Amino acid sequence: MWNSAENVFSRSASFREEEDDEEALRWAALERLPTYSRVRRGIFKDIVGGSKEVDVSELESTDQRLLLERLVNSVDDDPERFFDRMRKRFDAVDLEFPKIEVRFQNLTVESFVHVGSRALPTIPNFIFNMVEAFLRRLRIYQGRRSKLTILDGCSGIIRPSRLTLLLGPPSSGKTTFLLALAGRLGSHLQDSSLVACETPMEIGFNDSMSLWAQNMPVELKMSGKITYNGHGLKEFVPPRTSAYVSQQDWHVAEMTVRETLEFAGRCQGVGVKYDMLLELARREKNAGIKPDEDLDIFMKSLALRGKETSLVVEYIMKILGLDICSDTLVGDEMLKGISGGQKKRLTTGELLVGPARVLFMDEISNGLDSSTTYQIVKYMRHSTRALDGTTVISLLQPAPETYELFDDVILLCEGQILYQGPRDAALDFFAFMGFRCPERKNVADFLQEVLSKKDQEQYWSLPFHPYRYIPPGKFAEAFRSYQIGKNLHEELSIPFDSRYNHPLALSTSRYGVKKSELLKISFDWQMLLMKRNSFIYIFKFIQLFIVALITMSVFMRTALHHNTIDDGGLYLGALYFSMVIILFNGFTEVSMLVAKLPVLYKHRDLHFYPSWAYTLPSWLLSIPTSLYESGFWVAISYYVIGFDPDITRFLRQFLLYFCLHQMSIALFRVIGSLGRNMIVANTFGSFAMLVVMALGGYIISRDRIPSWWIWGYWVSPLMYAQNAASVNEFLGNSWHKRAGNYTNFSLGEALLRARSYFPESYWYWIGVGALLGYTVLLNLLFTFFLANLNSLGKQQAVFSKEELQERDRRRKGENVVTELRHYLQNSGSFNGKYFKQRGMVLPFQPLSMSFSNINYFVDIPVELKQQGITEDRLQLLVNVTGAFRPGVLTALVGVSGAGKTTLMDVLAGRKTGGLIEGSIHISGYPKRQETFARISGYCEQNDIHSPCLTVLESLLFSAWLRLPSDVGLETQRAFVEEVMELVELTPLSGALIGLPGVDGLSTEQRKRLTIAVELVANPSIVFMDEPTSGLDARSAAIVMRTVRNIVNTGRTIVCTIHQPSIDIFESFDELLFMKRGGELIYAGPLGPKSCELIKYFE
């Protein structure tokens, strides 16, 4: 028996040796290939342990997933090991990654704003602004605008291989700072020069205390010097070297997550990765080094783009947690898709799949839970260190464990850098200034709150020195004399050593791949969107068919004749109506284009592709649409109406209508790209239709148009189409009979002359040529507008005169007492030391809510059933039981997908589909949705408001509609003013709300307004879905202080929370903790310092 066992082991060892020998032979054969072929092939081990030689660019999706599971899942506990393996492979052959050091010196950005009532977006102010802008261009009158300093003399160094955190309260200038470093502020900065430019859309968003924005270009003056490895921004292409991850999540709703990332990756190319891979393969071959097979295939996939989904896309989706929704449509307000947090991760992933060596990431954690944020920042930390990247991340409320991942911190306040240096030394600097961070206090929150006039005093740590408010200017001045600040200044005074500049570090090409490849990518992209929007084209076709039936019933050939000029007039009307329908059929291009413009602007600014690479495919792909729509109309209406039966004239009418349809599509695309706003573009489009139709020669004949309007006749495309169609029809055989005994003209020619049309036959070809010329011209204009125009409604900060003066005093370090006493009267901190708790003036009935064994089921989508899922229903909530009580603030916590919002929607009665099981009681009585809606409020995660109202008007409107009729107008207004004061919206009472991401209120101001809109209804029970999402620590503290004050009046408040700081978390009284799958794992009190929760889990 023992001999038999020995034989088994010996055979097993022999089999392994044979496998190793076979693998060695494969690798030796691979090494003999030329370098170009060798970097495209690798040795892949399948699931059963066998190995095979594969083309990396043709790797199947199943093999990609298997490879990722072996590479990524094996290092889930320590992601740094994965990047260390990549780094060690380069170190083994002494090959360095390209490094980029970003320096900025005396960076100053200034804007000019109106103050007071002059800044209101009224009609008189709009006219004044237009006149002022005209006079300013003529250098006659500069206007009475006040200077607003956004960035003030910022200097510093962002080093490679170190992860940098950008912190700062609202109005600090973080977004402008990142945009300037990324080279996105229009004209490039020059040393000691002032440059005026029109800013991109992101300027000022969350950067200034904007009361409302004007739809006018913002004029910036910028000075300073920004260099990458000692090179100015004009010496290379910044958008190809660095990448700016915007706060705004602009995506094409009809694409899936995988398709979005794959498109971004194909457009950006691989950068220097391919050249690095060639050099790595050459050195390893010379050194006789055999790399790990899996790592070799992975790194080759990073440097090559396959025909199908690339491995880098699969990898990024797995890292960002998007693999679970990879084939889900992104969606928008009208199309159901992924969640807001997933869209935020998708925005980040779009640039991570690219080759950028410098990343500027602006508030990437909005809408994400703390765990997801931690995982993303952890990935960025390891990739930055291992691959020598340069990364700056702006976060609002980083959790303590996330904060610890960073190497350096930049603290920005009111446009000045108050600290830049190692993270560990930040507290030492503020201790030097006399402020100490308390125990259990999040350091990131402390760094932001210590700069606030309302919160600074509580951190004063020098008992023998009286406290005096220290403005940001004093902090900045102290930092320059601090040792870290001195060292930074000395390093900046020494020029960058060009010997450390890698030749591949800076990109000098405008685009990531060849322009021919970009054209192919754009073709594929727009073909995909046409398929996804097929409903629109089918609807247009059905609409065209119905209108054609109506037209044929009106102009039936049995009722029409060819005997008199009046008969010809009916045919002329049929021609005109047909051309108007063809012309109007292109109007849908306006809304389709305007909806995509933010995405197109983003792609343009990131240098994904040139504008012509989008407009040319869109033009060519519209040709089939024009062919079948115009061809269908002519085919079913031509002979039914009774036009001239000559087949040549039939085909000529088809050609003419095709050209007219092409011109119509191009015309409305130009209008959409010029209007850039749905309302403006639709207005322009309607006006264009009116002018083209009125001056087309049918409604008003040429001889009746006034001489001062005749130019409109000659530029109207419909005039050429009308003349060409009329000539084609009325010079046919059906109209050859003489018009009368006293004329030599045929009936058709007489009709043309009577209606002032041109009777010559060559006018048909003039009309076709003019329409084709218009099509080409309009598509060129479309390309020009897409390349040079930006979104309407750019941010322009608007201040009261006193507030602007106070801001300048604080920035300059002048210790003065603010004049905004009303704004600062609630000078308490979040812990309630100075905050006076107040009740509300309107009475209400305190109510409790209890629920038992809540289960919620939804039907399985057909798409999932097709993938092999056999169940009919998916359970989202599993036996959830709990209670919410008056005067008790309850937090609903869990990871993304745990069912927090679903539970709140079920309890609030907002779920209209699916199956709900269990019982819900209000103060012991079964819940009735009809009455419950009157005593409850629900603050949604999305801040949806009417953009044309002010803050006060929005709250008054909500109060008028929702408060009982016996509450007088004066009481309503007093109650609204009290609510505004509670959420600190009083200074913004006259501010226009505006559109998110375009103009008006900032994110945190919209969040407070959302809460206020519900509070003015005086509800007894309030549900709040992530009220602190997207807010910095200071703003979140304001919101939670408001919520706590409302709870103290006896109301029942429930909040879902994603990223609570210690202070915010411990402001709650009770906790409902849910895990993924909709199960409740804790329901009960928190206790002092969360002792009850800690005791439970211990």
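Note that the numbers count up from 1, one per residue, in the order the chain is shown.
Note that Cβ sites are derived from N, Cα and C of the backbone, with glycine treated the same way.
Annotation comment: TrEMBL describes 135-439, 849-1094 as domain 'ABC transporter'. As annotated by TrEMBL, transmembrane segment applies to 535-556, 568-587, 619-642, 654-672, 678-700, 762-787.
Between the transmembrane segment (619-642) and the transmembrane segment (535-556) there are at least 3 Cβ pairs closer than 8 Å, counting only pairs 6 or more residues apart in sequence, which means the two stretches are in contact. In the predicted structure, the domain 'ABC transporter' (849-1094) carries a mean pLDDT of 84. Against the transmembrane segment (654-672), the recorded stretches 535-556, 678-700, 762-787 differ in Cβ pairs under 8 Å, and the greatest number is found for 762-787. It is 568-587 that, among the stretches 568-587, 678-700, 762-787, forms the most Cβ pairs under 8 Å with the transmembrane segment (535-556).
With a threshold of 8 Å between CB atoms, the same-chain residues lying at least 6 positions outside the transmembrane segment (678-700) that come near it are 572, 576, 580, 583-584, 587, 590-591, 594-595, 667-668, 671-672, 709, 712-713, 716-719, 721-723, 755-757, 792.
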